[in-house]
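These notes concern the structure reproduced below.
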Amino acid sequence: MLWIKNLARISQTTSSSVGNVFRNPESYTLSSRFCTALQKQQVTDTVQAKEDVVNALEPQRYDGLAPTKEGEKPRVLVLGSGWAGCRVLKGIDTSIYDVVCVSPRNHMVFTPLLASTCVGTLEFRSVAEPISRIQPAISREPGSYYFLANCSKLDADNHEVHCETVTEGSSTLKPWKFKIAYDKLVLACGAEASTFGINGVLENAIFLREVHHAQEIRRKLLLNLMLSEVPGIGEDEKKRLLHCVVVGGGPTGVEFSGELSDFIMKDVRQRYSHVKDDIRVTLIEARDILSSFDDRLRHYAIKQLNKSGVKLVRGIVKEVKPQKLILDDGTEVPYGPLVWSTGVGPSSFVRSLDFPKDPGGRIGIDEWMRVPSVQDVFAIGDCSGYLESTGKSTLPALAQVAEREGKYLANLFNVMGKAGGGRANSAKEMELGEPFVYKHLGSMATIGRYKALVDLRESKEGKGISMAGFLSWFIWRSAYLTRVVSWRNRFYVAINWLTTFVFGRDISRI
């Protein structure tokens with residue numbers, strides 16, 4: 001019995017000693033670290049093994065739209081939803097091709113009427129047409145899609161583009177990256193507003209190229225009108241808030257100035273009578289306004305704009321500060337809303353592409369809209385221009401140019417597809433027929449007070465009809481009403497014009 005008791009004491013002592021060893025903080029930490037590291041390594045090895053198995057079982061795995069196979073329709077990928085891109089989408093034969101559109105906006109903007117939305121003459125939806133209405137196959141066909149995304153990289157050798165979804169600054173949504181393989185690629189990504197490297201333009205000016213630009217201008221204009229009536233505001237600050245400055249004397253700048261003067265004379269004078277004598281419009285241009293129009297029409301436009309209260313200033317903007325801009329002669333011009341409309345230039349995406357460029361930095365193309373250095377890549381619209389080797393001058397960045405290029409390219413694709421050249425690398429030796437030829441159909445611009453300019457000459461030096469006045473305004477409205485993309489939008493535009501004529505412009509700040 002004594003032997004058994006001694007053995008029990010020894011066992012308790014040993015067990016207690018071992019327990020004390022493992023309860024030692026240093027010993028416990030080292031052990032747990034070792035075990036944790038071992039477990040993590042085992043988990044990592046397991047995950048890697050699973051990935052290896054998946055990759056082995058799925059050799060064709062593709063993050064996006066994989067290359068088309070035999071028996072499937074060839075895929076035409078269109079980057080952009082402007083005039084050129086949407087005209088391709090509209091004209092392409094979807095019984096031959098699947099179409100995919102990638103763009104940060106899901107609609108086309110009818111830009112000739114965009115200035116009218118800034119002051120409430122038209123509603124914003126009247127100038128926007130959804131892509132799925134332009135090409136119904138996008139919402140119906142299993143192989144056709146629209147993706148809300150931007151193209152981040154172009155791999156022409158492998159016939160694929162890398163895209164990233166647009167989340168519009170949402171903190172809860174992370175951009176998703178994916179790839180799209182194509183048989184034919186159409187670069188119709190447009191251009192961006194030219195700032196000429198002037199300090200402060202991007203931070204302080206508003207451009208007029210998209211619907212959200214028009215919305216911003218409208219909200220800014222109505223906000224300044226309301227703030228100018230607040231008691232106690234200084235006289236200088238009131239004049240600054242009510243001074244609308246437009247930089248750029250092209251058709252967009254002149255049309256916006258005309259719409260703005262109509263808004264002031266008809267609506268502001270009735271509904272903001274306390275400040276009706278303080279609101280002003282200034283149009284700044286470095287050269288002659290409407291330089292592409294006939295001289296007689298230009299002088300008529302200047303006369304009418306002056307009658308409408310628009311002040312014309314010739315000068316070059318050197319710097320834009322938060323509440324004033326500085327001209328080349330040192331003149332300081334205070335402003336409330338500042339609208340920048342000085343033309344367009346290549347976008348950052350176009351500049352990043354390793355393609356030959358035209359003299360203006362746009363994607364270089366031949367007479368068939370092809371990018372000569374790569375296979376199955378075409379460029380149309382404002383992002384493209386003829387290479388010097390073609391001997392052709394670069395076409396102007398106009399809606400009618402982009403639309404007609406898009407129509408030509410859609411017809412070219414349809415012919416190629418019917419001849420068996422729709423797939424990637426299948427049209428290398430194919431005769432493409434007649435090259436694209438542009439014929440200018442003329443220019444039109446409204447200048448306010450039921451007046452407009454119509455210049456139907458093929459060039460500034462050519463002969464043709466040019467007219468101005470009320471009849472021109474009627475022609476301008478009739479032409480654009482018939483050119484609006486769909487019957488739905490034509491109905492909207494006609495109703496908006498009628499309600500504005502009867503009840504005046506909507507001044508709600510929404």
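Using the three backbone atoms N, Cα and C, a Cβ is placed for every residue, glycine included.
Small disclaimer: the values here were computed from a predicted structure and weren't measured.
Feature annotation from Swiss-Prot assigns transit peptide to 1-48.
According to DSSP, Arg87 (FAD binding site) is assigned to a helical segment. Swiss-Prot lists 75-105 with the feature FAD binding site.
Just so you know, the Cβ of Asp277 (NAD(+) binding site) picks up 9 other Cβ atoms within 10 Å once every protein chain is counted. According to Swiss-Prot, the NAD(+) binding site annotation covers 242-278.
The motif 'Microbody targeting signal' annotation in Swiss-Prot covers 501-510. Within the chain carrying the motif 'Microbody targeting signal' (501-510), a Cβ under 8 angstroms from the stretch's Cβ atoms is held by residues 119-121, 123, 218-219, 222-223, 226, 263, 266-267, 270-271, all 6 or more beyond its ends.
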What does DSSP call Val247 (NAD(+) binding site) in the simple three-state scheme?
strand
According to DSSP, which of helix, strand or coil covers Asp277 (NAD(+) binding site)?
coil
Over the motif 'Microbody targeting signal' (501-510), what is the model's mean pLDDT?
89
Counting across all protein chains shown, how many other Cβ atoms sit within 10 Å of the Cβ of Val247 (NAD(+) binding site)?
26
Given Thr252 (NAD(+) binding site) and Trp83 (FAD binding site), what distance in Å do their CA atoms have, once rounded to a whole number?
16
Other than its own, how many Cβ atoms are within 10 Å of the Cβ belonging to Tyr272 (NAD(+) binding site)?
19
